[in-house]
Amino acid sequence: SVSSIVPESCLLIVVGLLVGGLIKGVGEKPPILKSDIFFLFLLPPIILDAGYFLPLRQFTENLGTILIFAVVGTLWNAFFLGGLMYAVCQLGGPGLNHIGLLANLLFGSIISAVDPVAVLAVFEEIHINELLHILVFGESLLNDAVTVVLYHLFEEFANFEQVTIIDIILGFLSFFVVSLGGVLVGVIYGVIAAFTSRFTSHIRVIEPLFVFLYSYMAYLSAELFHLSGIMALIASGVVMRPYVEANISHKSHTTIKYFLKMWSSVSETLIFIFLGVSTVAGHHYWNWTFVISTLLFCLIARVLGVLVLTWFINKFRIVKLTPKDQFIIAYGGLRGAIAFSLGYLLDYEHFGMRDMFLTAIITVIFFTVFVQGMTIRPLVDLLAVKKKQETKRSINEEIHTQFLDHLLTGIEDICGHYGHHHWKDKLNRFNKKYVKKCLIAGERSKEPQLIAFYHKMEMKQAIELVESGGIGKIPSAVSTVSIQNINPKTVPLERVLPALSKDKEEEIRKILRNNLQKTRQRLRSYNRHTLVADPYEEAWNQMLLRRQKARQLEQKMNNYLTVPVHKLDSPTMSRARIGSDPLAYEPKEDSENLPIITIDPASPQSPESVDLMSEQPQGGCSGLPPSPEEDEEGLVMRVKEEPSSPGTDDVFTPGPSDSPSNQRMLRCLSDPGPRPEPEEGEPFIPKGQ
């Protein structure tokens with residue numbers, strides 16, 4: 001019940017304090033955590049466990065933010081704290097006047113770095129979300145390079161009589177040498193470990209040994225040349241893991257996993273217990289002004305650094321860091337055993353105030369671990385900060401995540417923007433084409449893992465079936481389906497699905513993740529600014545436009561010429577219909593004596609357009625009565641012929657059907673006139689009624 005309130009790291013320090021007090025009470029001298037033991041034996045297992053099982057996706061996606069916090073934030077903390085402590089020493093009285101600027105800057109560089117051991121111990125218990133965890137933990141891992149550079153730099157400057165500009169420039173350049181040199185050493189040893197695991201198929205027992213051996217050699221080689229050993233361990237673990245796991249057996253993978261967890265847990269326990277014991281056993285020099293100022297300025301520098309850097313980072317991040325996230329990042333800057341060990345390494349000859357530095361460092365460690373470590377969990381619950389998902393992601397989520405990666409890669413290619421996904425895709429292709437063939441054994445680098453796993457499970461099921469005595473003889477190449485056909489079983493009423501073990505489920509998940517659809521192979525990179533114009537494209541577009549216009553015109557003509565017949569038409573509609581279909585109202589050869597009505601089709605709405613040319617029968621037969629055939633014929637209408645108007649279309653040559661009157665009639669068809677009125681009669685009788 002106590003561990004649910006107090007973090008394990010606090011309880012272990014309390015145990016160390018009790019053990020140290022007991023040893024001192026007996027009259028013996030308690031052991032002190034020596035720096036060599038800490039840096040050579042206790043720290044590497046914790047860093048290797050963190051680097052080997054590093055969540056690579058979250059780490060790479062937030063690498064820019066982590067680097068800004070780790071490099072710029074640590075530099076700000078070191079110089080801000082060192083400068084203010086120098087001012088405090090100058091104003092603090094006779095006991096502090098002798099501490100110079102370089103000594104205060106060295107103290108600031110020791111106390112400013114966030115400790116990965118303390119962060120791991122506290123953050124894994126509160127189950128914070130992945131983003132905040134990787135930001136704080138990534139910062140604690142990568143700020144080692146800054147701490148190592150500043151520590152050795154100010155330690156060397158303390159021995160100089162005068163520090164020149166060239167020394168400062170060389171010290172600045174040494175940061176890149178230390179950080180990039182550590183990464184390079186780690187990558188070299190990681191590749192060697194992956195290459196060695198190709199040839200261990202006949203000696204499975206010693207496979208885990210190579211992982212530990214080469215990782216530890218990377219750490220020692222980096223420390224030998226004063227490079228960053230933590231960066232070397234992280235790089236070696238990240239590089240070797242995918243290739244080593246493809247070569248080693250499943251049992252070796254399980255051994256590596258649990259041995260690393262156990263080893264790091266033991267180291268973490270010993271570190272915090274030794275911190276408590278060393279607190280009791282060490283020599284202390286308490287100065288209230290120095291200790292309280294150190295604690296206060298540590299908190300102020302951390303808060304100011306996080307606020308300013310987050311304001312700058314949020315200008316470039318898609319997922320912004322909220323004020324709650326900023327508070328957790330600032331509050332989670334815990335100090336730990338690395339600061340204590342670096343302080344313990346100081347030499348009495350050049351730093352006579354070493355005991356006072358160690359006392360202030362232990363005070364800051366205890367405050368951050370006890371006060372901040374114990375209160376961060378209630379604060380996370382109070383602020384309702386998003387927690388970590390306890391369950392694993394489903395295969396559906398993994399498929400959609402990879403699909404979005406491919407989609408974003410394609411979008412970046414089309415836009416010509418070489419972003420994060422583009423370079424990730426390039427690296428994956430280079431890895432698959434060249435690196436895997438060199439570092440992964442045999443056909444495993446070429447054969448799809450899904451097929452290999454299917455064969456493996458099929459063979460295992462057949463062997464189990466034979467051993468159980470179900471079948472006497474099975475052909476060598478027989479599938480599971482054929483086995484079921486050979487020995488049919490009665491199907492139970494309720495089908496019970498076999499429960500997969502966790503290891504097998506994890507293996508299936510990994511195979512499906514690795515064998516999902518990869519991004520398509522591009523022939524050549526292009527963007528919209530460098531596309532070559534097609535010479536035939538313009539002519540083709542013009543031809544399509546002309547066809548489309550002709551089709552639209554034909555549709556309009558069909559709509560105009562196929563007007564549905566109304567039961568009762570107005571005079572205007574009747575005139576329009578007569579003008580549109582003159583053949584239906586042509587006079588017959590023997591109907592010359594009928595009166596002729598001429599219609600002006602240009603204005604069918606006006607009643608003046610109807611003109612009775614001759615109401616009397618022509619041809620000198622006025623005295624004769626009309627014949628019954630002529631009575632049945634009714635009135636004959638003819639279109640009044642007019643000269644061509646000057647407004648006709650000059651583009652097309654008028655044909656026999658393109659007379660000016662017909663063109664005027666077509667123009668009038670678009671306006672059929674007002675709606676029919678019921679009081680108007682039918683003045684014209686069409687032919688055939």
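Placed from the backbone N, Cα and C atoms, the Cβ positions cover glycine too.
According to TrEMBL, the protein carries these features:
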COILED    502-529  coiled coil
DOMAIN    6-380  domain 'Cation/H+ exchanger transmembrane'
DOMAIN    477-562  domain 'Sodium/hydrogen exchanger regulatory region'
REGION    596-689  region 'Disordered'
TRANSMEM  6-25  transmembrane segment
TRANSMEM  37-54  transmembrane segment
TRANSMEM  66-89  transmembrane segment
TRANSMEM  101-122  transmembrane segment
TRANSMEM  134-154  transmembrane segment
TRANSMEM  166-196  transmembrane segment
TRANSMEM  216-239  transmembrane segment
TRANSMEM  260-282  transmembrane segment
TRANSMEM  288-314  transmembrane segment
TRANSMEM  326-345  transmembrane segment
TRANSMEM  357-380  transmembrane segment
*Sequence-remote contacts (6 or more beyond its ends) of the transmembrane segment (101-122), Cβ cut-off under 8 Å?*
7-9, 43, 46-47, 50, 74, 77-83, 85-86, 89, 136-137, 139-141, 143-144, 146-147, 150-151, 154-155, 157-158, 230, 268, 271-272, 294, 298, 301, 332-339, 342-343, 346, 351, 353, 357, 360-361, 364-365, 368-369, 373, 376
*asked:* What residues elsewhere in the chain lie close to the transmembrane segment (6-25), defined as a C-beta under 8 angstroms and at least 6 residues from its ends?
replied: 118, 121-122, 125, 268-269, 272-281, 366, 369-370, 373-374
*Integer average pLDDT (0 to 100) for the domain 'Sodium/hydrogen exchanger regulatory region' (477-562)*: 64
*Cβ pairs under 8 Å with the transmembrane segment (66-89): which stretch of 166-196, 216-239, 288-314, 357-380 has the most?*
288-314
*Can at least 3 Cβ pairs under 8 A be found between the transmembrane segment (326-345) and the transmembrane segment (216-239), with each pair 6 or more apart in sequence?*
no
*Proximity verdict for the transmembrane segment (216-239) and the transmembrane segment (357-380), three or more C-beta pairs under 8 Å*: no
*Between the transmembrane segment (288-314) and the transmembrane segment (260-282), are there at least three Cβ pairs closer than 8 Å, leaving out pairs fewer than 6 positions apart?*
no
